[in-house]
Amino acid sequence: MLVADENHDPREAAMTTTTHVAVVGAGPGGLTLAAALQRGGVTVTVLERDDGPHSRDQGGTLDMKKGSGQDALAAAGLLDAFLWHCRPEGQDQRVLDRDGTVLAEEITAPDDMANPEIDRGVLRSLLLDALEPGTVRWGTTVREIRRDGDRHVLETGGGSVTADLVVGADGAWSVVRPLLSAARPEYSGVTFVELRISCVDTAHPAVSALVGRGGMFSAADAKGLVAQRQGDGSVRVYAGFRDALDWPVAAGLSLTGARFDDAVAVRAELRRRFDGWAPALTAMIDACDDAVYCRPLYALPVPHTWPSTPGVTLVGDAAHVMSPFSGEGANSAMLDGAELAGEILAGPDVATAVLRYERTMFPRATVNALGAAEGLDGFFSADGSAHAARRREEMIAEHSRRNAAAQCT
């Protein structure tokens, strides 16, 4: 159940019993859940291991889709704020072959709000601002979760939290998931190297023109380049390829955490891997800043389900981490959070609410994860750009269908 009208007061349908929900993880899904629950008068505590909202980079830009992410924002009372901050022009897309030939291009109309972009950091700020002060306990690592009668106790090392419901919103390596499932994410065989190009308009105008206002894709021979314009005008580039998980060791590259220690050596390795590609494309590698990151892609087995368990459930990547090639990761996580909140507010009890939520989420997540796996395999194939162009045409057709349906309602 999802209440997508941000003018609706969900407290009118709130459960009559006092419920305390502990959300582990302050990502988009967990924060959407917390905001929607607080609108309905439910007590929420969010436990986040980050030291603060700006302690680490939140990543690139996201498209928020009608029917999922935007509906979730409405349930949290944030759709108007999102529409103020989003970038419709970020929906522009361009697909190029490895020789620089444009295979497909879409220029977005100024009033097209089907999938507008927003930077992850901006989205997180919107969600955090919607919460009551003190809701998020920063710098808190959950070390143990144990059952205590009808409730669960979360031990954090700095104290404990007792809750009627524990929701794992803590990503691919969730500490909550083992309470429900023995499944672990598996390496997809594809790694991205994440690059950033600052001052792109002035320092690298050719790269700026290539990327345009939105995104650019190019793929062939089981490797690809993806570039995305950010809200601050910079560009993030993801150079992806199929290789073993330990490829940095074989290439003589060292890392501190996810960050490569020697950006010059990484650029040289990427130039080797993309040798023979159009100079306009490889120029993005040469133009990048010195902060370069290794991003291997993982996914949970599909389908990933579990027997409904009193007092515990999962949302987002904790439940269904998948590759980014469905475009549904953050949208799906936020929809999970909003739908779980809606079920809790509808009552009559937490166990029933969780069961209803999981019965809706499981099939949706399976479809999205299968689509993500198909998209990954197609992009990192011999003719990845042609595959991307076909998928883009399919998305444009679906986009038109949704717009037509919206105009009829």
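Counting starts with 1 at the first residue shown.
Note: Cβ is positioned from N, Cα and C throughout, glycine not excepted.
Database features, via TrEMBL:
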type	residues	note
DOMAIN	19-190	domain 'FAD-binding'
BINDING	Arg56	NADPH binding site
BINDING	Asp63, Arg120, Asp317	FAD binding site
DOMAIN	312-344	domain 'FAD-binding'
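Comparing CA positions across the binding-site residues Asp63, Arg120, Asp317, the one lying closest to Arg56 (NADPH binding site) turns out to be Arg120. The number of other Cβ atoms within 10 Å of the Cβ belonging to Arg120 (FAD binding site), over all protein chains shown, comes to 18.
Maximum intra-site Cα distance, FAD binding residues Asp63, Arg120, Asp317: 17 Å. Residue environment of Asp317 (FAD binding site) contains 29 other Cβ atoms, counted within 10 Å of its Cβ in all protein chains.
Cβ-based neighbour count (10 Å, all protein chains) for Arg56 (NADPH binding site) stands at 10. Counting only residues at least six positions away in the same chain, the Cβ atoms of Gly69, Gly90, Gln91, Asn115, Pro116, Glu117, Gly327, Asn331 sit under 8 Å from the Cβ of Asp63 (FAD binding site). Across the range of the domain 'FAD-binding' (312-344), the DSSP-based residue counts are 23 helix, 3 strand, 7 coil. According to DSSP, Arg120 (FAD binding site) sits within a helical segment.
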